[in-house]
Amino acid sequence: MERELESAGLGPVAGVDEAGRGACCGPISIAACILPSDLDGVGLDRLTDSKKLTEKTRERLYDVIRDVAVSYSIIHISAEDIDRFGIQHANVSGMRRAVAALDVQPGYVLTDAVKVPGLPMPHLPVVKGDQMAKCISAASVLAKVSRDRVLRTLDEEFPGYGLASHKGYGTKAHMTAVSLHGGTPYHRYSYKNVAAAHEQWLKGKDRG
């Protein structure tokens, strides 16, 4: 897909993707990536949607992508901003910021099925884009690995929530931990499951 656009004079082509949209703790992480036109022999043969890769493979590809990319950027939007502006706004504005942070301006942007109004160049939302375009796959890996590292750091700061395991998603064990210990500054309190679990902790605290 990227080669067709570049052949039409619309390059360089950047892929953009996010990680953590569906989580209820931690940031949403968004990456933009421009890959070289020729990927032969650079070690990205297994590159696809980050969710279909093992953690070990993602970590290896993360380093390769950063080494070979023409340009890439990774940004994190906090839970506080998500609560303030909403996840959709955080996602779309974050994608604009990630593209703007590239040190090579793309001629065209491909996203994983997300419309991004306000970009200064044309863009195309691609259904299952992280499987269809290598630049989106690369952005997917960059976003996922960088966010996972953030959650592992938060797990060290706030042990007892299992953040390194579930990466901030709303598992039963995670919500039970919030109801027992209360939320952290990195939880998304605008999300009903977090608000309910935190309220349960507050009620128990008051009774105690």
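Glycine is treated like the rest: Cβ placed from N, Cα and C.
According to Swiss-Prot, the protein carries these features:
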DOMAIN    11-203  domain 'RNase H type-2'
BINDING   Asp17, Glu18, Asp112  divalent metal cation binding site
Exercise. Neighbourhood of the divalent metal cation site (Asp17, Glu18, Asp112): other residues with Cβ within 8 Å of the Cβ centroid, in order?
Worked result: Val16, Ala19, Ile30, Ala31, Met95, Thr111, Val114, Gly129, Asp130, Ile136, Ala139, Ser140, Ala143
Exercise. According to DSSP, which kind of secondary structure is Asp17 (divalent metal cation binding site) found in, if we only use helix, strand and coil?
Worked result: strand
For this session: Note the mean pLDDT of the domain 'RNase H type-2' (11-203), expressed as a whole number.
Result: 96
